[in-house]
Amino acid sequence: MGKTAYTINGSTGGVANGREEKKIAPIVDDKRESKQKHEVSTFRRILPQILASTAKNFLLLDLGMAVAFPTIVIPALRGIKNRAPDEFLHFSPQEASWFGSIAYICQPVGSVLSGIILEPLGRKRSMILVNIPHIIGWFMLHFAGSLEEMYTAAILLGLGVGFMEAPIVTYVGEICQPSIRGILTSCAGVAVMLGFFTVYLLGTVTTWRTTAAICASIPIATMIAICFVPETPMWLLSKNRSDDALKSLQWLRGWVSPKAVEEEFQEMKRYSLNSAKCALCQKSGASTCQHPPLTEWTKLKELLRKRNLRPFVLVMLFFVFGQLSGLTGMRPYLVQIFQAYGVPLDANWATVSTGLLGLIANIVCMVSIKFVGKRRLALTSMMVTALSCISLSIYAFNTFPPGWTSFDNHPGTSHVTNMGYIPMVLFFMLAFFTSVGVLPVPWILLSEVFPFRNRSLACGITAALHYVMSFVTTKTYFNLESAFSLPGVILFYGVMGIIGLGFVYFFLPETEKRTLEDIELYFSDNNRKLTDIYIPRRNRDEEMVAVVSKQVEKAMEKQGIDNAVFTDGEK
């Protein structure tokens, strides 16, 4: 009996690895959620979390519009598509490449600043303030009278996009229960792709200046919406505002009484107190920490500890392979790329179709992530995007003239064949599977994998480096295509996708249905191998041990065996 209990526990008695823990079927539901269900319905319990996430998603809608905007401006100002008769501005290829990428190089500045000021300001105030530069930027674009004004507006949008990343990813990770955190976090991708689709559609049916004016209404609505949602309980606890944290948790769990969230609130307080300790006190298990609070420089040094460094490298490499999967570098130039491939659909409407497919893909991600898991979504999407890029390059190598690029106006259309539907389908597959897992999964992971003590700063720095990579990817696309031709650069993206597939397979753990504490404990274990990708569910495993032990005790009692004596003897 004693051996049975210890073996099931998996922590003291001899489970060699995490595989045996997977075989234990869930026997009991989470006590906390079951208590809440007695007071409110499931719908009422998750409704406020959905409302708070939706208010936050208005920011992401604006983010998607800002990132997609160069896609409709570049062809208009280069005279390729939808140039207004009274438009007096014009882009050269180099100027177009700068406008398509300049926002990305400014986003890291906003990301680092957000990580620094997020703690004193809080998640809610940060999400309100970030709308101000976007309102100014959109109106500047609408009234732009020179390329310098357009670059300045793009810089403001880039700073705003970078600034909003840290509060967004930390907010949704801290307000949601583990059972729905993956779904609500993946809603972010739906909002971003809705922004892409909206801008692509507006850019097709109206001018880019009118589109900018319409986009300005979104940050105004966002400021109003976020005023009605609460601050996260975790941040309020970190500022010793226990009463406000309890009220916030009551709101987020269905406007319930304090008693209904008492157990979860106590666990949050314990987690917050433990997170506030220094690393030495956490290791020693001290009840309180007498050491002085961390300075900003100490926090930066803390990021070099393995429990921060390992998730940072994991997410950062995922971002790198996601950027090099193809679509990010090509996005500002999709209209001219579709024209170069000779797809049997107007290039503008083909671009709108990619936005619509991306939106559908993010909805698929949101619905399926709870059942499929982040790891399987990432593996499947990375594989399909890599194969799509390789297939597009093979088609182009066999169809295009040597040295063909999308930036040149080649005379004649001899390269266009009656099989143009093949690259169109491949591009649509690339757009769909990029948005299913390649782009949304690392952002979902970003809200989960860092310890609470350094989460804001770590998210800000990681997002900043991601945007540096985005700038490099978009800015160098023109140079890569000029050097290697259009099929050559797409083949490069396909090869990088294959390498990314191997990285995800060997190193990406599954965080779905794991609490933030489970994930933090996993990354804090210095004895784990990098390829040990199973995260134990601490609370659930302990409950299963207790239940199984109790069932075995009852069975032994029925057989007339003194279980206590038997257990002592086995020990």
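Glycine is treated like the rest: Cβ placed from N, Cα and C.
What TrEMBL annotates here:
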{"type": "DOMAIN", "residues": "50-512", "note": "domain 'Major facilitator superfamily (MFS) profile'"}
{"type": "TRANSMEM", "residues": "58-77", "note": "transmembrane segment"}
{"type": "TRANSMEM", "residues": "97-118", "note": "transmembrane segment"}
{"type": "TRANSMEM", "residues": "127-144", "note": "transmembrane segment"}
{"type": "TRANSMEM", "residues": "150-171", "note": "transmembrane segment"}
{"type": "TRANSMEM", "residues": "183-202", "note": "transmembrane segment"}
{"type": "TRANSMEM", "residues": "208-229", "note": "transmembrane segment"}
{"type": "TRANSMEM", "residues": "309-327", "note": "transmembrane segment"}
{"type": "TRANSMEM", "residues": "347-365", "note": "transmembrane segment"}
{"type": "TRANSMEM", "residues": "377-400", "note": "transmembrane segment"}
{"type": "TRANSMEM", "residues": "420-445", "note": "transmembrane segment"}
{"type": "TRANSMEM", "residues": "457-478", "note": "transmembrane segment"}
{"type": "TRANSMEM", "residues": "490-508", "note": "transmembrane segment"}
Practice prompt. Determine which residues of the chain contact the transmembrane segment (183-202) at the Cβ level, with the cut-off under 8 Å and only residues 6 or more beyond its ends counted.
Written response: 49-50, 53-54, 56-58, 60-69, 71-72, 168, 172-173, 176, 210-211, 214-215, 348, 351-352, 354-356, 358-359, 361-363, 365-367, 369-370, 435, 439-440, 443-444, 447-448
Worksheet item: By Cβ distance under 8 Å, which residues at least 6 away from the ends of the transmembrane segment (309-327) in the same chain are close to it?
Response: 303, 378, 382, 385-386, 388-389, 430-431, 434, 438-439, 441-442, 445-446, 449-450, 458, 461-462, 465-466, 469-470, 473, 490, 492-494, 496-497, 499-500, 503-504, 507-508, 523, 530
Fill in: Annotated stretches the transmembrane segment (208-229) and the transmembrane segment (457-478) touching (3 or more Cβ pairs under 8 Å)
no
Discussion item. Please report, as numbers and ranges, the same-chain residues at least 6 past the borders of the transmembrane segment (58-77) whose CB is under 8 Å from any CB of it.
Written reply: 83-84, 87, 89-91, 96, 99-100, 103, 127, 130-131, 134, 137, 141, 150, 154, 157-158, 160-161, 164, 168, 188, 191-196, 198-200, 202-204, 207-208, 211-212, 215, 218-219, 221-222, 225-226, 331-336, 347-348, 351, 355
Discussion item. So, taking each listed stretch (97-118, 347-365, 490-508) in turn and counting its Cβ pairs to the transmembrane segment (377-400) that are under 8 angstroms, which one gives the highest count?
Written reply: 490-508
Worksheet entry | Integer average pLDDT (0 to 100) for the domain 'Major facilitator superfamily (MFS) profile' (50-512) | 86
